[in-house]
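Undergrad: Straight out of TrEMBL:
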type     : residues : note
TRANSMEM : 33-59    : transmembrane segment
DOMAIN   : 33-490   : domain 'Major facilitator superfamily (MFS) profile'
TRANSMEM : 71-92    : transmembrane segment
TRANSMEM : 104-123  : transmembrane segment
TRANSMEM : 129-151  : transmembrane segment
TRANSMEM : 158-178  : transmembrane segment
TRANSMEM : 190-209  : transmembrane segment
TRANSMEM : 289-313  : transmembrane segment
TRANSMEM : 325-348  : transmembrane segment
TRANSMEM : 369-389  : transmembrane segment
TRANSMEM : 395-419  : transmembrane segment
TRANSMEM : 431-452  : transmembrane segment
TRANSMEM : 464-485  : transmembrane segment
Amino acid sequence: MPTLSHRGLQLIPVPTDDPGDPLRWPSWLKLSVILSTSLVNFVSNMGGAGLSVAVPVLMQQLQRSQAEVTQLLTLNFLFLGIGNIFWVPLAVKFGKRASIISSMLLQAGALVWCAVATGYDSLLGARCVLGFAAAAGESIVPEIVADIFFVHERATMMAIYVVLISGGSAVGPLIGGFMVEYASGTWRSYMWLCFALASFNIVLLVFLFPESTFKRPEPSQAQELQLVAEHKETTSSFIENASAAAPEDSYTTNTPPFKGVLRPFHYNKDASFFKAVISPLKLLVHPSVCWGIFTYGISLSPQIIMIFNFSALLEASPYFFRSEYVGLMEIGAIVGFLLACYGGGYLSDIVNRMIAQRSSSSSIRPEQRLISLIPGMAIGPAGCILLAFACGHKLHWAAIAVGFGMVSFGTVYTPNIALTYIVHLHQQDAANCLVSISLVKNLVAFTFLYVAVDWVEREGYVQVFMIMFMLNVLALLCAVPLYFLGRRKDLNVYNGMEGRA
């Protein structure tokens, strides 16, 4: 029977006695929830990015310029950010289950619309709706991770989320390249494939995703004072998780009844939809949230810029790749994603456990998660340098593949640690933080993507990716003051609590 400590670590948050507490769910159900909900993001990005290898075919079939066809991809990305303004407040009012399943139903309909669209305007409208529907998973899934997993488990689970959200952008063009080249329906057949995956995902969500919303009691002042007394010699105690100082006890796992799993929504009569729309904007004044936005948007941009330019680069001299070979370049991205999932997830949790076990408080402070950036922080920026010269000087395609894999590693590794840090730091406002990050980072990335093709044509790959290199390095350097400011804040909170004691 599990106890309130694990490998010498305090379990944070402490499970309540309520059998409905999602922290009490069995491991198989927790994994089913994170996989089925993260698959939402995989399907969304697969449908969004897969058409990048079909740009020449779409130009010919729709009789449109490259810039116009590229809008089918960029506007999809724009609405991916805007949609969070609707889906997250819906989750606050009616529950995360209702929001995600509704978004997937709309997404399935949009994929059918994409597959049967007969003209450019119709296809553009379908792609915008597809992006809007796909937005739900981006902000809601990290909050689900915070609902059902303990702090020391979250980096690994967030890595699953990040690798699937990024993996869709790689697997989509990989499969799409072959379908555009060999399937009779070319890109339309690919859209039907995405619809089939979305339908399968809906079935998984209906049966394997119980509502995870749970109102967890706040730690009392008495508990906070007890923590100060117990760790008086340690000025680095993590007061925000003071509830973990409760006496060590045991808890049993509890599987929710099947009728509860199928409950369509969780209505919150006290929640205001309008306030839920406005609340995320207030968090933009927090340095940690602004850093998360900048880091996520900048980490994502080099990979997406390459995806948008692969066809123009590799189908021309000296490479003369066919569509399926362009798609095969995504294998480098998949390798990068998997390595980053291990490094930024599992290894990150190991680093944090070691830090916590050396602390007399046996807990992890939010800023300590930033230390996990160190092992792999140079890989993404180094990939930008390699791509700058490999693409700019038309080096062997293998150099491009390796560079693409390196920036893809950075797309998962750094954002995963950043998101885990922010969710830990702003536990009560995690959903609002993630909405702010998803909205603005997608707008940042959209800005780069909207000008990506023209920017590369005008300035060349060397200048574009050297700028990406400098921005990625700047994002990493900004983590340094956050670490020391966070540590000082913890000390100030501790000293204040000690004075009250």
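Cβ from N, Cα, C; glycine included.
Describe the structural surroundings of these features, if you would.
TA: Residues 25, 65-66, 69-70, 72-73, 76-77, 80, 100, 103-104, 107, 111, 114, 127, 130-131, 133-134, 136-138, 140-141, 144-145, 148-149, 157, 160-161, 164-173, 175-177, 180, 186-187, 190-191, 194, 197-198, 201, 204-205, 208-210, 212, 307-308, 310-312, 315, 323, 326-327 of the same chain, all 6+ positions outside the transmembrane segment (33-59), place their C-beta atoms under 8 angstroms from a C-beta of that stretch.
Sequence-distant contacts of the transmembrane segment (71-92), counting only residues of its own chain at least 6 positions beyond either end whose CB sits under 8 Å from a CB of the stretch, comprise 44, 48-49, 51-52, 58, 98-100, 102-103, 123-124, 127-136, 138-140, 143, 268, 271, 273-274, 276-277, 280, 304, 308, 431-432, 434-435, 438-443, 445-446, 449-450.
Long-range neighbours of the transmembrane segment (129-151) within the same chain, counting only residues 6 or more positions beyond its ends whose Cβ lies under 8 Å from a Cβ of the stretch, are 6, 11-13, 22-23, 25, 30, 33-34, 37-38, 40-41, 44-45, 47-48, 75-84, 86-88, 91, 96, 99-100, 102-104, 106-107, 109-111, 113-114, 157-158, 161, 165, 212-214, 241, 363-364, 419, 423-424, 427, 430-431, 434-435, 437-438.
Listed as Cβ neighbours of the transmembrane segment (158-178) (distance under 8 Å, sequence separation of 6 or more from its ends, same chain) are residues 34-35, 38-39, 41-54, 137-138, 141-142, 145, 187, 190, 193, 303-304, 307, 310, 323-328, 330-331, 333-334, 337-338, 340-342, 344-346, 348, 408, 411-412, 415-416, 419-420, 423.
Beyond the ends of the transmembrane segment (190-209), by six or more residues, the same chain brings 29, 32-33, 36-37, 39-40, 43, 46-47, 50-51, 54, 97, 100-101, 104-105, 107-108, 111-112, 114-115, 175-176, 179-180, 183, 261-262 to within a C-beta distance below 8 angstroms of the stretch.
Counting only same-chain residues 6+ beyond the ends of the transmembrane segment (289-313), those with a CB under 8 A from a CB of the stretch are 49, 52-53, 55-56, 66, 70, 73, 77, 166, 169, 173, 283, 319, 323, 326, 329, 333, 380, 383-384, 387, 391, 400, 404, 407-408, 410-411, 414-415, 418-419, 421-422, 426, 433, 436-437, 440-445, 448-449, 452-453, 456, 464-465, 468, 471-472, 474-476, 478-479, 482.
Taking Cβ pairs closer than 8 Å, the transmembrane segment (369-389) reaches residues 155, 299, 302, 306, 340, 343-344, 347-348, 351-352, 355, 395, 399-400, 402-411, 413-414, 417, 420-421, 424, 461-466, 468-469, 472-473, 476, 479, 482-483, 486 in its own chain, all 6 or more past its ends.
Outside the transmembrane segment (395-419) by six or more residues, the chain places 142, 155, 158-159, 162-163, 166, 170, 291-292, 295-296, 299-300, 302-303, 306, 313-314, 319, 321, 329, 331-337, 339-341, 343-345, 348, 369-370, 372-373, 376-377, 379-384, 386-387, 389, 434, 437, 472, 475-476 with a CB less than 8 A from a CB of the stretch.
Tertiary proximity for the transmembrane segment (431-452) is limited to same-chain residues at least six positions away from its ends with a CB under 8 Å from its CB atoms, namely 73-74, 77-78, 80-82, 84-85, 88, 91-92, 135, 138-140, 142-143, 279-284, 286, 289, 292-294, 296-298, 300-301, 304-305, 308-309, 419, 422-423.
A Cβ distance under 8 Å defines the sequence-distant neighbours of the transmembrane segment (464-485), meaning residues of its chain 6+ beyond its ends; these are 287-288, 291, 294-295, 298-299, 301-302, 305, 367, 370-371, 373, 377, 380-381, 384-385, 387-388, 391-392, 410, 414, 455-456.
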